[in-house]
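Annotation comment: TrEMBL describes 5-83 as domain 'Inhibitor I9'. Taken from TrEMBL, the feature domain 'Peptidase S8/S53' covers 108-575. Per TrEMBL, active site, charge relay system is recorded for ASP117, HIS190, SER526. The annotation domain 'PA' is assigned in TrEMBL to 348-437. According to TrEMBL, the feature domain 'Subtilisin-like protease fibronectin type-III' maps to 649-700.
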Amino acid sequence: DHHKTFIVSVQNDAKPSIFTTHKHWYESSLASVLSPSTPAQVLHVYDTVFHGFSAKLSPTDALNLQTLPHVLAVIPEQVRRLHTTRSPHFLGLQTTDSAGLLKESDFGSDLVIGVLDTGIWPERQSFNDRDLGPVPSKWKGQCVTTKDFGPGSCNKKLIGARFFCSGYEASNGKMNETSEFRSPRDTDGHGTHTASIAAGRYVFPASTLGYAKGVAAGMAPKARLAAYKVCWTAGCFDSDILAAFDAAVADGVDVISLSVGGVVVPYHLDAIAIGAFSAADQGVFVSASAGNGGPGGLTVTNVAPWVATIGAGTIDRDFPADVKLGNGKVVPGVSVYNGPGLSPGRMYPLVYGGTGGGDGYSSSLCLEGSLDPVFVKGKIVVCDRGINSRAAKGEVVKKAGGIGMILANGVFDGEGLVADCHVLPATAVGASNGDEIRGYIDSASKSKSPATATILFKGTRLGVRPAPVVASFSARGPNPETPEILKPDVIAPGLNILAAWPDKVGPSGVSSDSRNTEFNILSGTSMACPHVSGLAALLKAAHPEWSPAAIKSALMTSAYTVDNRGETMLDESNGNTSTVLDFGSGHVHPTKAMDPGLVYDITTMDYIDFLCNSNYTINNIRVLTRKNAHCSGAKRAGHVGNLNYPSLSALVFRRVGQKLNFLVRVQTMAVKLSPGGTSMQAGSIVWSDRKHEVTSPLTVTKQQPI
């Protein structure tokens, strides 16, 4: 069966009057081109952020559909993946802070954040509605009730909940309702976690397995939440994501938070970019995760300029769990483990999975069924990162009779560490320390005394320096689609973040893990994105007149690049100084963003000019804009203000709200590069009035053709 789901863009003023509904017209358009045996079934009808429908078609049907005069484009569907308590404090947001951001916006209680994710677990304390006023009168959304998501699931905090699965089921067949709910209820945990980061209420005491004890709170604790479930066991399907954008904007959300992504394609073929364009056009701020493909370059995703693209940094908290080797060396690691521990003072035999006979490759990674129980019984096993999940490796070791695990980074993971809720005593170490441990095992095997080790769990450590550090996994620039637009835009906390978690899902994510926990500690740009979604709601509450572009400008120009040692932030993957390609404008600084001094605003016409100048056709652009666009403004000539005078006297602002233009000229010197080689310089442009510093990073890349 070669049928795939396609998203079809239709001219929005072309419906013949004989059809009562758009759906009826779309079905008749389909029937006119489909082979007689194929049912003309419309999966979703879109009418708010996009004009058209989605349907399952053969490649021939798709080509035939494209020939109809009212069809602008037929877009193949992509499948997206998830980009999987001290952060408000670390960001400078405290409840007692009477003059700060939380105070000024009444904590954003008229604002609605739409979270497009795996759904939500509504019973969590993070979503209680104590002391919240009535639902905002502009809200048009609904709470879809089902047998497992009853009428009491929503309240004055969680004011909307919907699910979208037609695209998922069109590609995967009917869902298995014993393993996932056909409802807004979350069976994964990711959606509950991200929603509570954006807008969770104050919950005390909060912790995960006794780690990270304290008060849990989202960025905008009084903002309202609406959950749009678009992600299922097989992924998040474009046709469903676009339907959720359509519903969220029609429902009246102020902010859309999207912690999913896929491969980068041109904007007119990217359902997320299409949905976000119209959302921004209608005043909705869209925040999306940058992806977890770092630390390599060109890995950033969700790169459209009308989207806020969020990378991940560390916070000043970690969970040390060190490895003590038989030769007396102590190697640092991290872990969240609280089960029956290793006996204090006792050293255990230490082996490397890869030397246990059989297929050395799969046993080095501790893949399912690869470890020989005779080899690992009663021992601590070193496993390499890769292929299966980090926590699953621990389960493999445990099943084979191992007593503990050391998870070692490969060369590509570098020194980036993530703490996991392991199912046995286990810790994670960086690439160079992994080499050291394997080297010790190797040399010990050649001597009379075999290798031994133990793991020392140290609990929660606060006030860690340096912080923030750019997380190793955080996806990096340059922007593969539009190199001129630097992405990511900013970074926010994304490593070892504590947030709400559903029942019936073990904190490690391993199917045999039956532990229940109200909170869980996760890492990813998925966790960084909702931090910015919540902050955007607070900024919009404080400045209702600001456009999504103005809010993003405030967050970017006020961001910082210096860590708590007073030095430029480091890159966790190698310990070197990070660059604008890693952090964009820097780490968000909420309180400064409140009063940025000036903002760079962008209109829809500016984006259209941008698309024209990026060589998109008028047809491509209409797919994004839903209306007739033209490129007549794109080549506008220069004006007097472009004169490159040593002082920019033309740019004195005389009143609040005044808009002025300026031109940046970059002069470059020739450099000798090998064929295909590149050289990059970075700097910044700063506007200052002695009170505000408005910073924009600037990069210049020189490339030698191959």
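Backbone N, Cα and C atoms are what each Cβ position is placed from, and that goes for glycine too.
Keep in mind that TrEMBL annotations are predicted by a computer and have not been checked by a curator.
Separation of the C-alpha atoms of SER526 (active site, charge relay system) and ASP117 (active site, charge relay system): 10 Å, rounded to the nearest whole number. Using DSSP to sort the residues of the domain 'Subtilisin-like protease fibronectin type-III' (649-700) gives these counts of helix, strand and coil: 3 helix, 19 strand, 30 coil.
The DSSP breakdown of the domain 'PA' (348-437) into helical (H, G, I), extended (E, B) and coil residues amounts to 29 helix, 22 strand, 39 coil. Long-range Cβ proximity for HIS190 (active site, charge relay system), meaning a same-chain Cβ under 8 A and a gap of 6 or more residues, is found for LEU82, THR84, ASP117, THR118, CYS231, SER259, LEU522, SER526.
Here the domain 'Inhibitor I9' (5-83) has, by DSSP, the following mix of helix, strand and coil residues: 20 helix, 27 strand, 32 coil. Taking all protein chains in view, 30 other C-beta atoms sit within 10 angstroms of the C-beta of SER526 (active site, charge relay system). Around ASP117 (active site, charge relay system), a 10 Å sphere centred on its CB holds 28 further CB atoms from the protein chains shown.
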